[in-house]
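In what follows, a structure is listed as structure tokens, so that the remarks can point back to it.
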Amino acid sequence: GMVLQEPAGAPSLSTAAGGGADAAAEVQLSRLRWAVLLLFSSYSLCNAFQWIQYGSINNVFARFYEVNAFAIDWLSMCYMLIYIPLLFPVAWLLDKRGLRLIALAGSALNAMGAWVKLGSLKPHLFPVTVLGQVICALAQVFILGMPSRIGSVWFGSHEVSTACSIAVFGNQLGIAAGFLVPPVLIPNVEDVEKLAYHISIMFFMTAGVASALFILVIIVFKEKPLNPPSRAQALIQSRLTAEYSYTQSILRLLRNANFLLLMVTYGLNVGCFYSLSTLLNRMVIHHYPGEEVNAGRIGLTIILSGMVGALISGFWLDKTKTYKQTTLVVYIMSLVGMIVYTFTLSLGHLWVVFLTAGSLGFFMTGYLPLGFEFAAELTYPESEGTSSGLLNVSAQIFGIAFTIGQGKIMEHFGTKEGNLLLCSFLFLGTVMTAFIKADLRRQQTNLENEQT
């Protein structure tokens, strides 16, 4: 009772697997796929919460630890910095050892980092909170590249984009919680002891949730279903392991012109999102002093509207398969949203900021699963973990550059000039996206197998 026949009609698929040997693989869907997806989304949520929990109340943590705002910014940027050198070893592990080991490592490190932070509840213990955040950043390396891989390994061809969107959805929900919860739990009070007490509540809650999720991963998370969920996945599983070379896979990806264009454009868009998220508290407080809670709510609005955009994108791709057209339209609207947000932030009306930030988030955050799925199409049959990992490396590099650059411009010139920097790079990304050719290799494989 654990399998459902994929509604494509063919009872089985036989594929050649080296040396003339035939490997028959029945295409079936496992009901466990939804539990695996929900569990991944949950611990991804917890890790994303820990990414932005300092930045969403930058001024409060800067005063508590007696450091400047830039030092608190680095608690967010360390997530981006650590990802870059560790992508390739972790992507190699994902290919060689599979999903379960990566899930265990990611959820374990996430819980460990949360517990380490509990040792940093005094102003002079800033290095301890840095250590805890670095461990959480290590966990993120085991999380970010998994959405498209989970979608392909566990879900059928008619639902793979939706699954990827839901997996990304969890991460975005965590960022939303990171904007909403810290300003509510940690008021901007002068008494350091009271501040430490409120911070401890947040740290204890996070550590408890992260530990429970780690235990659930041990019990529930499986490597893969008994049968492949799609014809494209059956073809991949039928290949001999010896035939696969991780180094050759990366080299093939780096020779794929369409993927390279997507890698740069994805990095530009998501890098802008990272910078905007990290510096949002500073932007809002500059124009609306004392509005820490509303700054968090604006961040929440960006993410919640973006999650709606991400889900709509996933459903739309599964129905239409119009990867290039959808990606380009969403990119253009991200640029328009950023321009409108830039010129309305300083008007003095918070409700206007909520409205423009929400429309920006709908498209900018909605772009995330589009990039993953478009990359999986352009690079099939290469590993989704490798392609999405390279996209994330690009995003981290641009994210660090934009956060530092925009932060410095804001200090010396103002928030409008800092946001105009992001607008200019989004325009560049829009132009580059128009040149990506829609070479949908995964869809073509599924179509050819259905015909035969």
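The backbone N, Cα and C atoms fix where each Cβ goes, and this holds for glycine too.
Keep in mind that TrEMBL annotations are predicted by a computer and have not been checked by a curator.
What TrEMBL records for 34-54 (among others) is transmembrane segment.
Taken from TrEMBL, the feature domain 'Major facilitator superfamily (MFS) profile' covers 36-441. Per-residue pLDDT, averaged over the domain 'Major facilitator superfamily (MFS) profile' (36-441), rounds to 86.
If you look up TrEMBL, you'll see 74-94 (among others) marked as transmembrane segment. Non-local neighbours of the transmembrane segment (74-94) in the same chain are 51-52, 54-55, 61, 101-102, 129-130, 133-134, 136-138, 140-142, 144-146, 149, 246, 250, 274, 277-278, 383, 385-386, 389-390, 392-393, 395-397, 399-400, 403-404; each lies 6+ residues outside the stretch with a CB under 8 Å from one of its CB atoms.
According to TrEMBL, the transmembrane segment annotation covers 101-118 (among others). Long-range contacts of the transmembrane segment (101-118) within its own chain (CB-CB distance under 8 A, at least 6 residues past either end) are made by residues 39-40, 43, 46-47, 50, 90, 93-94, 128-129, 131-143, 146, 200, 203-204, 206-207, 210-211, 213-214, 217-218, 221.
As annotated by TrEMBL, transmembrane segment applies to 124-145 (among others).
What TrEMBL records for 166-185 (among others) is transmembrane segment.
Taken from TrEMBL, the feature transmembrane segment applies to 197-221 (among others). Same-chain neighbours of the transmembrane segment (197-221): 35-36, 39-40, 42-43, 46, 49-50, 53, 64, 99-100, 103-104, 107-108, 110-111, 113-115, 117-118, 121, 181-182, 185-187, 189, counting only residues six or more beyond its ends whose CB sits under 8 Å from a CB of the stretch.
According to TrEMBL, the feature transmembrane segment maps to 257-276 (among others).
Residues or ranges marked as transmembrane segment by TrEMBL: 296-316 (among others).
The transmembrane segment annotation in TrEMBL covers 328-344 (among others).
Within its own chain, the transmembrane segment (350-368) is flanked in space by residues 168, 172, 266, 269-270, 272-273, 276, 284, 288, 291, 294, 297-298, 301-310, 312-313, 327, 330-331, 333-334, 337-338, 340-341, 344, which lie at least six positions past its ends and keep a Cβ under 8 Å from the stretch. Sequence annotations record features per position, and here TrEMBL assigns transmembrane segment to 350-368 (among others).
According to TrEMBL, the feature transmembrane segment maps to 389-407 (among others). Beyond the transmembrane segment (389-407), the same-chain residues lying 6 or more positions past its ends with a Cβ under 8 Å from any Cβ of the stretch are 70, 73, 76-77, 79-81, 83-84, 87-88, 90-91, 144-145, 250, 253, 259, 262-264, 266-268, 270-275, 278-279, 282, 371-372, 375, 418-419, 421-422, 425.
Here TrEMBL flags 419-436 (among others) as transmembrane segment.
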* Non-local residues, at least 6 beyond the ends, that sit with Cβ under 8 Å of the transmembrane segment (257-276) -> 76, 80, 302, 331, 334, 338, 364-365, 367-368, 371, 374-375, 378-379, 387, 390-391, 393-399, 401-403, 406, 422, 425-426, 428-429, 432-433, 435-437, 439
* Asked: Apart from its near flanks, which chain residues at least 6 from the ends of the transmembrane segment (328-344) lie with a Cβ under 8 angstroms of it?
  -> 265, 269, 272, 309, 313, 352-353, 356-357, 359-364, 366-367, 370, 416, 419-420, 422-423, 426-427, 429-430, 433-434
* To do: Would you mind listing the long-range same-chain contacts of the transmembrane segment (34-54), meaning Cβ under 8 Å and 6+ residues beyond its ends?
  => 61, 72, 75-76, 79, 103, 106-107, 110, 113-114, 129, 133, 136-137, 139-140, 143, 146-147, 150, 154-155, 163, 166-167, 169-175, 177-179, 181-182, 202, 206, 209-210, 213-214, 216-217, 220-222, 277-278, 299
